[in-house]
Every structure is written in C-alpha cells, then in structure tokens.
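Among the features that Swiss-Prot reports, active site, schiff-base intermediate with D-ribose 5-phosphate is placed at K80, with the record citing sequence analysis. The D-ribose 5-phosphate binding site annotation in Swiss-Prot covers D23, G152, G213, G234, S235 and is backed by sequence analysis. Annotated D-glyceraldehyde 3-phosphate binding site per Swiss-Prot: R164, in sequence order.
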Amino acid sequence: MLHGTEVLKKGFAKMTKGGVIMDVVNAEQAAIAEDSGAVAVMALEKVPADIRASGGVARMADPNKVQEIMDAVSIPVMAKVRIGHFVEAQVLEALGVDMIDESEVLTPADERFHIDKKKFTVPFVCGARNLGEALRRIDEGAAMIRTKGEPGTGNIVEAVRHMRIMMSEIREIQNKEEEELWEVSRKIEAPLELVRETAKLGKLPVVNFAAGGVATPADAALMMQLGADGVFVGSGIFKSDNPEGYARAIVEATAHYDDPEVIAEVSRGLGTAMRGLEISEIPEEGRMQDRGW
C-alpha cells in the first residue's frame, strides 16, 4: 500500500469510508472479518474486553501475530500502539502495516506527548472525545479520527456522547466570525487554521469513525446516523455467540444505516450479543477514554 505524503495518508483513510474495521487476534478471525465484508482489520493480542479483564500493562502486539494476520488477508491491516510510544510505531511501520492506531486501549507510554505522526509515512488513526482532542491529533498528523467511546464494554453510550459532542461543537463554529474562531482556538487548545477549516467544511478535515462499545447492527447504524463515516468494532463481534453472523450483520447495517427494514432483517436470529458493562460500574481509573489529552 502506497503511503507517504499527508494527501496520500488521508486518501488511504478515505478509502475505508462507509465501512467496518474489525479487531482480530488471529488469522481465523481475520478471515471471518474479510469474508463478512470488513474494509480492514485491526491486529492485536487481545480484544479490548479481554485487555480490560486481564489488567496489567497492555502493549503492541507481537510482530509475529501482526505478520500472521497480514499474511491471512488481502484487505488492509492496522495495528495498535501505546500513546506516545513512537518506537512501537516504528516497528509497525517496518512490518508494513497499512495504518497505526495510537490507542487508549493500550497502556499509555508517555503522559505528556502523543506521537509526532508527521514523521511517519504510514497513516495514523487516533481517538477523540471532542473537537479539541480531534484537532490536536490532526495537527500531530492523524489521518483519521474515531470516537473513543468506552472500549471493551459493549455499551454504546459513551461513543454516542462523544459523537454528539463533536458534531455539536462543529455546528457551533460554522457561523462564527474570525475573532470568535480565535477565541474557540484558544479555548479548545487547537490550531486556528484547523478550526477555520473545520468551520468552513462543516465537518472534520479527516474521516471520523465511531468506536468504543459497538455491539449490534443497530449500534452501528445509530453511529452512522449520528454522523460517523464508518465503524470500528472491537470486542462486539468475537465476544458474541455468533461472530460470523454479527460480523456480516454489522457490515450490512453500516452500509444501509438509514434503512430500518434492512437493519431489522439482518438483526434476526443472531443470538446473544456480547455481555455489556454499565459505565458506572467501571472505576474512574479504569476508564480507557480518559487516556490521552
């Protein structure tokens, strides 16, 4: 896959627009994702639900694991690195992954700085809860943004919150005067140039996916109707009773997000979705969405 300039990196991200990107931990799961119509897979050692359950320090996947998944599919392969861990990113770039996720799902490596993504030829995706976080990551070189949600919970409420906040903040700046945009830039700690561009476009200058808590076809369609350009599914597929069925159904629901009849049809007889977590049950220090700044 050709990467390099900012235009090429953003162009690759746009190629996934309207699709579903699935977390996978082995070649078998990667094949299920590809057969279901996923536009890409995310290679990692454990899905977020298992990372949450096992505790400890979560790191980049073993290069052998990433290579195994890359060899198993023809669709693009992404992989996660810890926030601020630019050497993990260098390793993944050397392996030839198609995109890197600087992810709050893994244990942050740097409490002050995110990775300078402009130094890499491979594109990056980063999570955000609001417009300020999104524009700061884009300023660092992110080619794609996704909601953080609360990973590994099967609970869509935080992803909905983050998407609504971001879309509301974008609408608020669209009709502001230049001096007001200066004020917004200072308030959200984001570059004025990106604030201006977002106000003019009426959307982020890069694709904006939903992630964190998507567990059903209806969840995926909900996020698309709220303005997402596509959907990441972490634990929702392979923690369900019927991974193949849920994978296909979520792809269909994402593609036909504005057609309730299609969503109803693909949702029939899927079996039990992953067991979800109530957000209030998660202690503050255990909330992955709060990682990063």
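Yeah, the Cβs are placed from backbone N, Cα and C, and that goes for glycine too.
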Return the residues near S235 (D-ribose 5-phosphate binding site), defined as same-chain residues 6+ apart in sequence whose C-beta is under 8 angstroms from its C-beta, sorted by sequence, else 'none'. D23, V47, P48, A49, D50, P151, G152, G154, A215, M274
Can you give me the Cα-Cα distance between R164 (D-glyceraldehyde 3-phosphate binding site) and the residue listed as 'active site, schiff-base intermediate with D-ribose 5-phosphate' in Å, rounded to a whole number? 25
Please determine which of the binding-site residues listed here (D23, R164) has the lowest count of neighbouring CB atoms within 10 Å. R164
Counting every protein chain present, what is the number of Cβ atoms, excluding its own, within 10 Å of the Cβ of G152 (D-ribose 5-phosphate binding site)? 26
Reduce the DSSP letter at R164 (D-glyceraldehyde 3-phosphate binding site) to three states and note it down. helix
Express the distance between the Cα positions of G234 (D-ribose 5-phosphate binding site) and the residue listed as 'active site, schiff-base intermediate with D-ribose 5-phosphate' as a whole number of Å. 12
Taking the recorded D-ribose 5-phosphate site as D23, G152, G213, G234, S235, identify the other residues of that chain whose CB atom sits within 8 Å of the mean position of the site's CB atoms, giving them in sequence order. V47, P48, A49, V105, P151, T153, G154, G212, V214, V233, G236, K239
Whole-number Å value for how far G213 (D-ribose 5-phosphate binding site) lies from K80 (active site, schiff-base intermediate with D-ribose 5-phosphate) (Cα to Cα): 17
Check each residue in the chain of G213 (D-ribose 5-phosphate binding site) that is at least six apart in sequence and keep those whose C-beta is under 8 Å from its C-beta; list them in sequence order. G149, E150, P151, T153, G154, N155, I156, V157, E158, A159, D219, G236, G276
What is the total of other Cβ atoms whose distance to the Cβ of G234 (D-ribose 5-phosphate binding site) is within 10 Å? 29
Return the count of C-beta atoms lying within 10 angstroms of the C-beta of K80 (active site, schiff-base intermediate with D-ribose 5-phosphate), excluding that atom itself. 27
What does DSSP call K80 (active site, schiff-base intermediate with D-ribose 5-phosphate) in the simple three-state scheme? strand
